[in-house]
Amino acid sequence: MEAERGPERRPAERSSPGQTPEEGAQALAEFAALHGPALRASGVPERYWGRLLHKLEHEVFDAGEVFGIMQVEEVEEEEDEAAREVRKQQPNPGNELCYKVIVTRESGLQAAHPNSIFLIDHAWTCRVEHARQQLQQVPGLLHRMANLMGIEFHGELPSTEAVALVLEEMWKFNQTYQLAHGTAEEKMPVWYIMDEFGSRIQHADVPSFATAPFFYMPQQVAYTLLWPLRDLDTGEEVTRDFAYGETDPLIRKCMLLPWAPTDMLDLSSCTPEPPAEHYQAILEENKEKLPLDINPVVHPHGHIFKVYTDVQQVASSLTHPRFTLTQSEADADILFNFSHFKDYRKLSQERPGVLLNQFPCENLLTVKDCLASIARRAGGPEGPPWLPRTFNLRTELPQFVSYFQQRERWGEDNHWICKPWNLARSLDTHVTKSLHSIIRHRESTPKVVSKYIESPVLFLREDVGKVKFDIRYIVLLRSVRPLRLFVYDVFWLRFSNRAFALNDLDDYEKHFTVMNYDPDVVLKQVHCEEFIPEFEKQYPEFPWTDVQAEIFRAFTELFQVACAKPPPLGLCDYPSSRAMYAVDLMLKWDNGPDGRRVMQPQILEVNFNPDCERACRYHPTFFNDVFSTLFLDQPGGCHVTCLV
């Protein structure tokens, strides 16, 4: 074994030249005002803040004065020379070297010393969807990452194979942060790999150091901060907890699986519906206050409703003579808002007659982890046939790991899709067959993982071949008790831009259908009246009326279970509530009870306040139809079908 010094940039400067004590105190106060909340949230002791500011201002990387990297070659005791030679000749023998970071300074390291905080640089920062492209295009990046990860190449290895190896191994090295401000896109999680020094720090359940990502605003640069949790003597190892913050032993075991492989096959993968306390906690977390019981308000025949809305598509398209727009929220009979109501109690007390476009507790439908939970009422712990098998990574990680390993053992398809609980437009959504990747994605935003549809029903596009497509229906919920549910007769289609295959999992235009938010991507437009005859031509044994009947059966079952229990376990029966949702679904090939191939609808998500731009453009009466059905109880002639 050998030890080498850690990275060195420049000597640590001991003072800020030309700065008076008063100026130094002022600079520290400004630094604390700007960065204090982030530092406190990360647990960085205040005794380090002064020296941290100095190191940030002057880019002082002085870890090399205190630490060294020890390289340990682990040799199998039982292995003879011949076997060792054979292993060395293999194309990629893997990481035979183990690295440790140790304290090399003779005087050791004192946790109480204000200088005992260190900056770690980041070698690579990216968003997951750009990783492959950067490895292929950024000069030197692939070589540096391969070296850092211990990927050795004997002979000429194709770069595509090298890239694939790095993309798999990087989940042992990736760390994540996200910005607190900006657009939805700007707040997407960023993944980074620390430099060679930071990446050599190993795990310990009782670590000697803590680390935290830190974004230094004046320079717009991200670092990782490293500080000791106790005093260390020379020769002691620097370690951190790779599962920091998690105390449950089983979940820790799962989180550490990328570094410490473990067999979870004996654990049940069963995921029953969560208990009532789970839903009560969600209600409290959402700060939603349930309404009091009220009597429905009856308006005189011919009453003209004043509508207050901040939804531009409603304001531009609603022309029905029974509705008039008002700029005064206080005068409105109907509130059709884009943002979520929270205080239904106050509304029910002060303005019980005001109609609104949402139901208390409708997040049970529109948030993906809740959707999966309530769906189990229809299909048991495995879920119903119309919803892909889904696990909440925050609460059901062990069950998911067990299920993944079971499928792996039986040679079954193991492609999965990670989705945030509550984002649309495929933001921060990833298709993968890497268990390590899924486990690590849990550390960014709250996510579910759903079985990726490996055998979707495809649509032949003459220009590109057979592609994935999804279907969007608009459903109108008139009331919870009794359940009254309608579906708009026109549906909308979205298509992938490249022929489908279970490869290139980060190829957005192959695996995703949401193209209408990227100005650089072509949106394939096919209207439903054109789609149906073309679909039946491609699949003559599957009449669209039969396929749609199965889709409507799935919608009916979903809303029945969503409304079956009182709040917060189900949607609240508030007489003044109405709602419009978009249900996105795909079709997959499955086997029916008789063994014949069937098209099984797969509900992907339910969206509150969907984008209705295409609906308004191609069907000018759309919002007149919606308002007549929901608020006038006059669905006749409104292009809707009653489901319940």
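Residue numbers in this text run from 1 along the chain shown.
Note that Cβ sites are derived from N, Cα and C of the backbone, with glycine treated the same way.
Per Swiss-Prot, ATP binding site is recorded for Ser450, Lys451, Tyr452, Ile453, Lys468, Asp470. Counting only same-chain residues at least 6 apart in sequence, those with a Cβ under 8 Å from the Cβ of Tyr452 (ATP binding site) are Pro388, His415, Trp416, Ile417, Val431.
For 1-13, the entry in Swiss-Prot reads compositional bias 'Basic and acidic residues'.
Residues or ranges marked as domain 'TTL' by Swiss-Prot on the basis of sequence analysis: 300-644.
Per Swiss-Prot, the feature region 'Disordered' maps to 1-25.
DSSP assigns Tyr452 (ATP binding site) to coil in the three-state reduction, placing it in neither a helix nor a strand. All chains included, 21 other C-beta atoms sit within 10 angstroms of the C-beta of Ser450 (ATP binding site).
Residues listed for ATP, Ser450, Lys451, Tyr452, Ile453, Lys468, Asp470, cover a largest CA to CA span of 17 Å. Averaged over the domain 'TTL' (300-644), the predicted model reaches a pLDDT of 94. Lys451 (ATP binding site): 21 other CB atoms within 10 A of its CB, across all protein chains. The ATP site, placed at the center of the C-beta atoms of Ser450, Lys451, Tyr452, Ile453, Lys468, Asp470, has further neighbours from the same chain whose C-beta lies within 8 angstroms: Pro388, Ile417, Glu454, Pro456, Met586, Lys588, Gln602, Leu604. Asp470 (ATP binding site) carries a strand DSSP state (E or B). In this view, Ile453 (ATP binding site) is surrounded by 19 other Cβ atoms within 10 Å of its Cβ, with every protein chain counted. Long-range C-beta contacts of Lys468 (ATP binding site), restricted to its own chain and to partners at least six residues apart, with a cutoff below 8 Å, comprise Pro456, Leu458, Phe459, Phe495, Ser496, Phe500, Lys510, His511, Thr513, Met586.
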